[in-house]
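Reviewing the structure listed below.
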């Protein structure tokens, strides 16, 4: 039976890199679940590659039609969510689904799929290390970094709700630990 792998973590913990590396492991047979959003595409983004881009009206219509496993309005008329049809498409291909979602979305997906889903939370070694990583990126203002760190502290408060937790203090080690945990879960 195909399984669902939910990955959640604060910004700056290496979640995207961990997921990219896991996707290259053929034995895990993972396929990335593309989220839907009502925000406009940025730069080179294409519909169906980075996101499914929907108008706010279309997003709300699909919410009313119960077409989402989970969704959230992060700002006024700026929605993000996971379409049931996207998950079903991947499962029909006999692949395991991997999600990159926030803590609220992770809990919704876990509740919907139950024991068929494994919820993993990636923690930074410390809040100080997280702040340092975000500063080294050089992409955010100090105010944005403060907001991300504040949000991370709140998200870490949800870590106990996840099936497994891993600290990313060494990327290679963290990826290998998560890979082993996923392989064991898939083999059940």
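One-based numbering along the chain as shown.
Yeah, the Cβs are placed from backbone N, Cα and C, and that goes for glycine too.
Database features, via Swiss-Prot:
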| type | residues | note |
| --- | --- | --- |
| DOMAIN | 2-183 | domain 'Guanylate kinase-like' |
| BINDING | 9, 10, 11, 12, 13, 14, 15, 16 | ATP binding site |
Near-site residues: ATP, ref 9, 10, 11, 12, 13, 14, 15, 16, CB cutoff 8 A to centroid: 122, 124, 168
Across the domain 'Guanylate kinase-like' (2-183), average pLDDT on the 0 to 100 scale: 95
Other C-beta atoms that fall within 10 angstroms of the C-beta of residue 16 (ATP binding site): 12
Neighbour-count leader, CB within 10 A, binding-site residues: 11, 13: 13
Which same-chain residues, if any, lie at least 6 apart from residue 10 (ATP binding site) yet have Cβ under 8 Å of it: 123, 124, 130, 148, 151, 152, 155, 156
Other C-beta atoms that fall within 10 angstroms of the C-beta of residue 14 (ATP binding site): 19
